[in-house]
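These come from TrEMBL:
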type	residues	note
ACT_SITE	H10	active site, tele-phosphohistidine intermediate
ACT_SITE	E88	active site, proton donor/acceptor
BINDING	9-16, 22-23, R61, 88-91, K99, 115-116, 183-184	substrate binding site
SITE	H182	site 'Transition state stabilizer'
Amino acid sequence: MTYTLILLRHGHSDWNAKNLFTGWVDVDLNDQGREEAQRGGELLAEKGLLPDILFTSRLKRAINTANIALAAADRGWIDVKRSWRLNERHYGALQGKDKAQTLAEFGEAQFMEWRRSYDVPPPPLPDDSEFSQVGDPRYADLGDDIPRTECLKDVLERLMPYWESEIKAELRAGKTVLITAHGNSLRALVKHLDGITDQDIAGLNIPTGIPLVYELGEDFKPTSAGGTYLDPAAAAASIEAVKNQGKK
Ligand SMILES: O=C(O)[C@@H](CO)OP(=O)(O)O
């Protein structure tokens, strides 16, 4: 008996196109992102991988990717659970900043430490910043625990309780689970699933809009390390593009 878990990173947003750090800022998909979501859903339908339940973050680029993909697979009716624990990593004071300008200003080592190190968060975002989420009603349940910045380790720590209690329960019940989330929240989950080291996770990037399927054993370990992208060639090209963000 294996469990089927499908991970889908949202398609391109307006801020991906503008090359800005996004984090918890609620930016919507652009036309390219909507097309990616449509293709993602078509791939699911082609392979007969039909989700029974959807988990998303509370951010509209993930919510809308899921809506479009599930409509394309005629699964728009499945139950949905949303959590801030699946949100993108809070990018702290980098939210809203241009990636190329940040690279030029701080140099490659600092830029990559902020982007991809496991345990070094960017400086915190002041509460009065236009890019802060403090006071946003959708995070009222977090009170003053709402993040002001996060490193990948912080994301893993806030994601794990949700994975353990909510997501695993649906897998255990035999449901095909779709998680539609973000580059860094999915990197955290993949790190956990594949047992990737704190060092090696720096080199792992998740492509936009391409379903990544994991078959998990009863111990929730992948039967095939790294899972399977439903369009491997498109995944490889997108991974390269994500890796090189900033170098434009
Ligand atoms: O800006 C962000 O929130 C993320 C994902 O788009 O960027 P990065 O890949 O640089 O971590």
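Just so you know, glycine gets a Cβ as well, placed from its N, Cα and C.
Location within the structure of each feature annotated in TrEMBL.
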residue : record                                          : Cβ within 10 Å
R9      : substrate binding site                          : 29
H10     : active site, tele-phosphohistidine intermediate : 33
H12     : substrate binding site                          : 22
W15     : substrate binding site                          : 20
G23     : substrate binding site                          : 26
E88     : active site, proton donor/acceptor              : 27
R89     : substrate binding site                          : 27
K99     : substrate binding site                          : 20
H182    : site 'Transition state stabilizer'              : 26
G183    : substrate binding site                          : 19
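DSSP assigns H182 (site 'Transition state stabilizer') to coil in the three-state reduction, outside any helix or strand.
The secondary structure of K99 (substrate binding site), as reduced to three states from DSSP, is helical. When the CA atoms are compared, the recorded positions lying within 10 A of G23 (substrate binding site) are E88, H182, out of the candidates H10, E88, H182. The separation of the residue listed as 'active site, proton donor/acceptor' from K99 (substrate binding site), Cα to Cα, is 16 Å. Of all the recorded positions given, namely R9, W15, E88, those whose Cα is no farther than the 10 Å limit from the Cα of H182 (site 'Transition state stabilizer') are R9, E88. In the three-state DSSP scheme, W15 (substrate binding site) falls into the helix class.
Across the fold, the C-alpha of W15 (substrate binding site) and the C-alpha of E88 (active site, proton donor/acceptor) stand 13 Å from each other. Ranked by Cα separation from the residue listed as 'active site, tele-phosphohistidine intermediate', the recorded positions E88, R89, G183 are led by G183.
Less than 6 Å separates the Cβ from ligand 1 in the case of none of the recorded positions R9, H10, H12, W15.
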